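Colleague: The structure under discussion is supplied below as structure tokens; questions concerning it will follow.
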Amino acid sequence: MSSQDMLKNASTLASYNVLLQVMFRVLTFLLNAFTLRFVSKELIGVVNVRLTLLYSTLVFLSREAFRRACLSGGTDHNWRQVINLLWLTLPLGVLWASLLVCVWLWLLEVPDPLTIPHYGPAVGLFALAALQELLAEPLWVLAQAHMFVRLKVVAESLAMVAKCVLTVVLVVSAPQWGLYIFSAAQLVYTGFLVLCYFVYFLHFLGSGEANRKYFPLQRVADLLPSSVEGEPVIDWTLARLTWSFFKQSFLKQILTEGERYVMTFLNVLSFGEQGVYDIVNNLGSMVARFIFLPIEESFYVFFAKVLERGRDVRQQKQEEVAIAAEVLECLLKLVLVIGLIITVFGYAYSHLALDIYGGSLLSSGAGPSLLRCYSSYVLLLAINGITECFVFAAMSKEEVDRYNLVMLALSISFLLLSYMLTWWAGGIGFILANCLNMGLRILHSLFYIHRYFLSSQWTPLLGLRPSPLLLLALALSAVLTALSEGVFCCDGGWLLRLVHIAVGAGCLLGVLVTVLLTETKLVQFVRTQLLPRYGKKHT
């Protein structure tokens, strides 16, 4: 497959992933708004912080390193050995589940059973849901490596819809079940995921389509662990790379979920405060998660296939390096523009958004300040996602190992900063600590990218330099929307609120027109690579 074809597939995958994440976040957004009216904020805190942290930690530590290693190098693998390696995620998951369940039950503070009953069974059920999801891991990697872009969208869409429907039905009909409701919904979600992947591959393997695509596996039995006499059971090169990524993934998980670990293990916020913080955090991170994360995941696959890991840029195919550099520059410009827009408009519209979403429960107190700080943090999240996406795809095994030391230092500093800043500034301290650490990670990645292209003619970091006219439009929008909030929002009724919204819409329109006129290279990239209806026509 040529680099142009891989770019087309990665762009299509990113587009579908963005649409998928939009649906996920909108459904979660509506589900949280709905459940806030039926359950307590303490229950929301236990589910969205304590139990979700157990689930995400177990899944991430069990599979993330395998995913990154097995997707490196594209489809040029001995897939029998790769399948064998991927099935190790299940026993590894059982080990992690045994350890984490003991910690969650006996080392952490247990919620008051009168206020939040069924905590013990819920811990076990969330761990079981994580193990159930690991059953589909070999199939997920196969689908990603061979660019089965629609499979992920359909599987996760059906699973999310089933989860939301069950949650709504049980919250309305049996709210006294408490944590059982969310445990059952999580089991249904992972069950649907596994079912969709297995049904698809049962139908696909051995079909005419599989033969036309020269798919490396022919029978359903090929999806199970097996061995061939005379060759190793697993690919030991991938196994060693997996171990390197595993050490890194452990640290990355601490950085990614650091505030939840501090809340969970150090008890700096009550369960009710955790619930409010998590709702504001989810609201603030919606754009980051449904736009930036899918782009990062999809283009990591592209960079990992186009670039030769650990090799000097002069020793690689120059056509493919040129494409990678151009794509990196456009991606940096894209996330920078989106991040700046969110930072500017997030400041003036945080209070209004929280008041509409959750009423005085969220818009009073520290809620608006939290969301304003998070709007600035989104800009750093956007840049870091793309820079690390490229760096992780280009690093050699030795460089990955060295970076693990950097991640260790960042993890320790983040935990210390989170603890100190939270005692000083409450929930805002978590965001400040995240900003500081994210800034350090960005600096490391920028230095790496600069050195990587230093001996070549390409300078993809120019993508971080917006046009002066765009900066001027953003500055004017910041001033106008801030004045509008002071005059029209948010205690004068809905008419004045609509005026405030209209001011923001006019400013946003002006910013977007400026982008179209000044960032023509970015506009062309978005039209031809990220929008499916244009991608099929022009790529």
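Keep in mind that glycine also has a Cβ here, set from the backbone N, Cα and C atoms.
Since we're looking at a predicted model, the values are computed, not measured.
The transmembrane segment feature in TrEMBL is assigned to 12-31, 43-61, 82-107, 119-141, 153-174, 180-205, 334-354, 374-393, 405-425, 431-449, 469-488, 494-517.
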Colleague: Restricting to CB pairs under 8 Å, which listed stretch, 43-61, 374-393, 405-425, 469-488, is in contact most with the transmembrane segment (431-449)?
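Modeller: Ranked by Cβ pairs under 8 Å, first place goes to 374-393.
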Colleague: So if I exclude everything within five residues of the ends of the transmembrane segment (494-517), which remaining residues of that chain have a CB under 8 angstroms from its CBs? That is, six or more out.
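Modeller: For the transmembrane segment (494-517), the nonlocal Cβ contacts are 337, 341, 344-345, 348-349, 352, 467, 469-470, 473-474, 476-477, 480-481, 484-485, 488, 523.
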Colleague: Quick test of the contact rule: Cβ under 8 Å, at least six residues beyond the ends. What residues does that give for the transmembrane segment (180-205)?
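Modeller: Result: 47, 51, 55, 118, 121-122, 125-126, 128-130, 132-133, 135-136, 139-140, 142-143, 148, 151, 154-156, 158-160, 162-164, 166-167, 170-171, 174, 215, 217-220, 222-223.
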